[in-house]
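**Student:** Found this in Swiss-Prot, in case it helps:
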type	residues	note
BINDING	Ala86, Arg87, Asn192, Ser215, Gly216, His217	pyridoxal 5'-phosphate binding site
MOD_RES	Lys218	N6-(pyridoxal phosphate)lysine
Amino acid sequence: MEINTDKYKNITRNLEREMINLNPIQRGGIIPTESKKIIYEYWDGYSVCDYCSGRLDKIETPPINEFLEDMSKFLGMDITRPTHGARESKYAVMNSVCKEGDYVVLDGNAHYTSYVALERAKLNYEKTDIEEYPTFRVIPESYAEKIDMLEDSKKNIGLILLTHVDGNYGNVADVKKVGKIAKSKGYPFLLNCAYSAGRMPIDGKKLNVDFIAASGHKSMAASGPCGLLSINKSYEDEVLETSKVNAVKELQMLGCTSRGIPILSLMASFEHLIERVKQWDLEVEKTRKVVNELEPLGFNQIGEKPRNHDIIRFETPILDEIAEKDKRRGFFFYEELKKRGIGGIRRGVTKEFKMSVYGLTNSQVDYVINSMKSIINELR
């Protein structure tokens, strides 16, 4: 067998080193330099398992067990387990607290992975209503309506799921209202915090949630794949049931999950997370500044206003107009940004785009704003 492996050698990526990255799916997962130094010794497979007694969450060296206890405090929950991502966390809950054929009531902004997870768990779903263009906000009262409808139809409801912050518009849902509805109706409540936990303050108990699904690589300054599942103790027996064959292994975790760099990167970045969520108001302020400065150019921010999250989605008819006469067509914006050392915007997109300035300095934010202004003013 002959395989040419030259293409796999010297693979490089310079986006973070040489450019300002505006990709909202990546801004929250950028690992601080000090964390990169700590994880150097854990490159190898199963590197965290040197002193394992049979289960990942009980490892004392490195102190994974203590980290998970501290993370529970950070999220305002009782018990935390590492997973490979928020989608795996959601599936673990669905596959344990629901019975086959049950309904999951979820919001109209739910991520595709919520649907994939419930399909894999052989569940049905009922989608709640959201506001129409241009806000697209979740309507909490719709949960009560959909629950009543399913109950009247004698359908079994297994779970209430809410996307805390959706990836399309960056809207922050009213968790307390939905949580109150879930509690009053007597159903378990799962909050998808893929775009919130690690970026902004979260307290599960204050929010009335039973489960939190978090993403390490999306919002917690960690390498991927890595996530967390945080639960209330009342659901410990259901969600963390152990194997009949190997009594120490938890079924929904398939024994153990993140066994190397991802979990260590999350641990190494924990101090950074604790400090950065304290600056959330400043992140929102920077985001609102971007919107206020760019809308007069012909950008139209969609989603709730004013912004309460760092994800920004712009409709950009002005870019479409420029693309019609520019010989580069829809690629001009990407190329002009690249010339100015800015990346993370999808190539060829001019009708609309998403961006985030989360974690950037004020001077970097100003540079991004001024760069976009100069592109529009030069080419319009």
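Glycine is treated like the rest: Cβ placed from N, Cα and C.
Give me the lay of the land around each of these features.
**Tutor:** Classification of Arg87 (pyridoxal 5'-phosphate binding site) by DSSP places it within a helix. Residues within less than 8 Å, Cβ to Cβ, of Arg87 (pyridoxal 5'-phosphate binding site) and separated from it by at least 6 positions along the same chain comprise His111, Thr113, Ser114, Val116, Ala117, Ala213, Gly227.
Long-range Cβ neighbours of Lys218 (N6-(pyridoxal phosphate)lysine) (same chain, at least 6 residues apart, Cβ-Cβ under 8 Å): Ile25, Gly28, Gly29, Gly85, Ala86, Ala194, Tyr195.
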**Student:** Using the recorded pyridoxal 5'-phosphate site (Ala86, Arg87, Asn192, Ser215, Gly216, His217) as reference, state which further residues of the same chain have their Cβ within 8 Å of the centre of those residues' Cβ atoms, listed in sequence order.
**Tutor:** Thr83, Gly85, Glu88, Ser89, Ala194, Ala213, Ala214, Lys218, Ser219, Cys226, Gly227, Leu228
**Student:** Taking the residues Ala86, Arg87, Asn192, Ser215, Gly216, His217 listed for pyridoxal 5'-phosphate, what is the greatest CA to CA distance in Å, to the nearest whole number?
**Tutor:** 14
**Student:** When DSSP is mapped onto helix/strand/coil, what comes out for Ser215 (pyridoxal 5'-phosphate binding site)?
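**Tutor:** DSSP assigns Ser215 (pyridoxal 5'-phosphate binding site) to strand.
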